[in-house]
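This report refers to the structure that appears directly beneath it.
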Amino acid sequence: MELGCPELLEPPEDIFSTGSFLELGFNGPPSKVPGLQKSESDDFLNLFIDPNMIRCSETSPGSDSGVSEDPGSPAPQAPSSPALYEVVYEAGALQGTQREAGPTFGLISIQIDQWSPAFMVPGACTVSDLPSEAHRHILPRVSTIAPPPPAALLSCQRLFLTDEEKHLLGQEGVTLPSHLPLTKAEERILKKIRRKIRNKQSAQDSRRRKKEYIDGLESRVAACSEQNQKLQRKVQELERQNISLVAQVHQLQKFTAQTSSRAAQTSTCVLILLFSLALIILPSFSPFQSQPEARSEGYQLHGVISRNILTHEDMTESPESPVLKANLEELPQVPATNGSTKMAHLKMRVKARPTGPIRGMVHADEM
């Protein structure tokens, strides 16, 4: 760029307007900028800006915007240069940081009685020839604030140890510092202590689970043994009932055997009686009795000769009575008329009376 560039000679009209301040992240008018009083803000806005004092150039390699990162160190002043204000703004960086850290004024840097060859870079503007009565207010840029290193953060952190870790460290005879960072040896000791604590906790958990499992098994064994005893008592009762039932069955078998034999005997007797009655009754209903004429024609009655020997009651016993008995026993057989021989039946009845007389009767039938 050349110094006589026409667009650089004309100052931008809206550089200090309300819209430009809204772009920079300020919600209020320029009068609300810290470091400027009410009257000073009016003078600042009504200021006549000499276009010849505005120059543009490249930024210095050691700084982002030509402004020193250390706001407290003053720059070398030129003897013939008047007091000036430098207003540096970057809209892109301001919009990114406004959302995170809220409204900030670190993007505006105002320096009094300071002049340095400023060069115009994209996104930066330098305004010179400002009143020297303005209050000097220098704020650092947000982009210049770098995050602290991790070592600095670790140095601010405090080391927290549990009571068990402290106890184990005391047993080991090791004392750890209360703030980080730790040395390699201290880190190894701390890891070793924490590993011991984890192993101890895992062993306690395993023992607790084992104890719970054993307690569960014992409770199950107790329940099973109690149930087994109940079943044994029930089995004994069933055995006694079975024995009593077997005895009753034997008694019933004996009783049924006796009743069956008695029934067989009774039935046998009844059958014999009925058969006898049938033999007695059936001949009277013989079919031959219905023909009396035929029987009378084919069969004729014949007379029977019988002899009776009578004795008197007053007759004494004769001496020939034994001889008579012998003769009667030796009677010969008499042949019958139909050619069949029959024995003569002699019956003698001798009745002895208390008086001594004997009655004898000989009966002979001949057919």
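The backbone N, Cα and C atoms fix where each Cβ goes, glycine too.
The candidates are N242, N338; Swiss-Prot tags N338 with the feature N-linked glycosylation site. Looking at 121-142, 231-252, 341-362, the range tied to region 'Leucine-zipper' in Swiss-Prot is 231-252. Within the model, the domain 'bZIP' (189-252) carries an average pLDDT of 94. DSSP places the residues of the domain 'bZIP' (189-252) in helix, strand and coil in these numbers: 64 helix, 0 strand, 0 coil.
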